[in-house]
């Protein structure tokens, strides 16, 4: 009993810390997604969606904490696990969001995700790796050049892939992307590009050796924490605040740095999420859905679907490149084996868990996949091996034989020892269960409006007319339609005008002339 | 239904072509082969402005292929297509639609997992928010929202006109066959077309709805819209079309007013499977 009590206390303490952590995430979310509220009127929708995400995060954190505390893993171990999970979930969320843009929204069946992540990571690594002193020399350029270069390169490679692939059907498109991803990986792996000279500088992909580049996990946080990004020059304004607190708590600097790195990644995810939600809730998002549902029908409505597909594919690939950079940036080292096709399928599993076609679902799927399915089994394994001294038979056969002697422990021990591999079975089981019980993903069938307006709340003018007639009979029929219309959206309309006055958009200078006439230049 | 204004067609103000010919769509010796099969064999015809023209023929006569050639889904092997005096042969489908030549499909192509309202809103041309940067950037997005509100109003009007406004929030995939036909036609109207190519618009539509649909089509022709309709229901064609084009084995067999077509020996033979 007493130990339980202590556990509970500990638990509540860690819970508070988690709350703070999730609070930070929520705050970040609020500030970044705030524009949604102002332009689309009262939209509790995004708050509900954010609620799902926060709820999932808290649930996973709680699960990890409770498991850790019950088995006495200690605060340090739990914290490390939480950090790993947060980082991995954020990295996954970024790339799952990009895949959702491709597959969930536009129906572009891209199964070469790992390849585009590799392009981003390698683009950055080749540029930023130190020119001397490592096995694979690079150009030694600063990160602020290297990271954008990696992102742009991933986008550019996306363009190269999508241009010839535009004319082919969805299933062939999938094969093209898969093949391209493998071509990228094998090219990087080959000796041909491992070392070469360009304009007198020696550089290369390093082949199977990989590339060492500045550890992003410490380099980026240092820019946040220290003056000039150099610890020797002392902390800057932000760093002083953070480091004072962490010093008092006795947390090591490397731990702080890696927490800052994860936080930056989380902020990136929030920004990308907000932008993609905006993209989805717009006429552009409508085009994407149209292409997914029936490209010929969309074309026949006068839409240049090829151009839209190019834009979306390049954008998604760039985000994948960014995710690749941050993912590998935690190691400061990248090699071709990090980008095996299995990575692509992990990302697909995460997207399917959350529900494709939904940005919220993408993030939830990434959280569940990274936090529970991927990191869960090794975590359990770690706890079990730390707590109990199980026999470790070399083969499953030994375990079964022991079972014959009514000793289940060897088999259990074997199972626990193999938990890291058992999770692959888990993925399969989860996918099958999802297909049967939640074919539309954890969040179920979602209808996110492909419009900046909250479409499902829009009432037919006829309905509102009749409602108005029922209400007061002297309301003129001729003006009934527009009156009732403005009634139903009065609050949002008010917000709109205020935003319009606030910005100096040239298009708003003549708000009366907004009929969708043909002559208007648009693109 | 009657108190709702019909959308005006651009066609009412559009000018006649240079040579004084008021036939917006002209097809000249159009030919298309698929492998060894001659699907369309030097078909030549024209459609008069503000009319309803019927395109009939037995199965496999090349009607749908002709539609596909006109709307840019397939590229013809030879022959030319002129729309409003301009050569549109081989243009991409979206370019053809942009010019005001819009089609519906024999098997409806509703966008299943989008609501009826989203289907409708997609149809409008030159939407500001179709440019990604306008859809995303704060500030500029205000103008997108404003336009959306206007588009929504027009979408509602058209939905009411076709009496499917009660389905606005349903996913298009859940609609019945007849409702899908209505959705497709009303969606096509929102693209501001000049000429509508309807591929079997009455197939699977009940007689009451068929009557209403024909009434709409007549109203729209009065407003300056032009229709070219593929239809298998002879009564519909003969009673509603000003001119009828008969295709048989890829080529145009006859072309004239319904009465003349009904009396044409060759047409009767083609339909009864006789030797031509």
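Cβ atoms are placed via backbone N, Cα and C, with glycine included.
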**OP:** Would you mind telling me which of A:384-410, A:411-437, A:438-464, A:465-491 TrEMBL tags as transmembrane segment?
**Re:** A:411-437
**OP:** Among A:141-163, A:210-232, A:233-255, indicate the range for which TrEMBL gives the feature transmembrane segment.
**Re:** A:141-163
Original post:
In TrEMBL, which of the ranges A:259-277, A:278-296 has the transmembrane segment annotation?
Top reply: A:259-277
Subject >> Of the residue ranges A:170-188, A:189-207, the one that TrEMBL records as transmembrane segment >> reply: A:170-188
Subject >> A:82-101, A:502-521 - the range that TrEMBL marks as transmembrane segment >> reply: A:82-101
Original post:
Which residues of the same chain, at least 6 past either end of the transmembrane segment (A:82-101), have a Cβ under 8 Å from a Cβ in it?
Top reply: 18, 21, 57, 60-61, 64-65, 110, 113, 117, 258-259, 261-262, 265-266, 268-269, 272-273, 276, 279, 288, 312, 315-317, 319-320, 322-324, 326-327, 330, 346-348, 350-351, 354, 356-359, 361-363, 365-367, 369-371, 374-375
Subject >> Chain residues outside the transmembrane segment (A:141-163) and at least six past its termini with a C-beta under 8 angstroms from it >> reply: 112, 115-117, 119-125, 127-128, 176-177, 180, 184, 213-214, 216, 219-220, 309-310, 313-318, 320-322, 324-325
Original post:
Which sequence positions outside the transmembrane segment (A:363-380), separated from its termini by at least 6 residues, show Cβ-Cβ distances below 8 Å to it?
Top reply: 52-53, 56-57, 60, 63-64, 67, 81, 84-85, 88-93, 96-97, 269, 273, 346, 349-355, 416, 419-420, 422-423, 426-427, 430, 441-443
Original post:
Is the number of Cβ-Cβ pairs under 8 Å between the transmembrane segment (A:170-188) and the transmembrane segment (A:339-356) three or more, considering only pairs separated by 6 or more positions?
Top reply: yes
**OP:** Give me the stretch from A:50-70, A:108-129, A:339-356 with the greatest number of Cβ pairs under 8 Å to the transmembrane segment (A:308-327).
**Re:** A:108-129
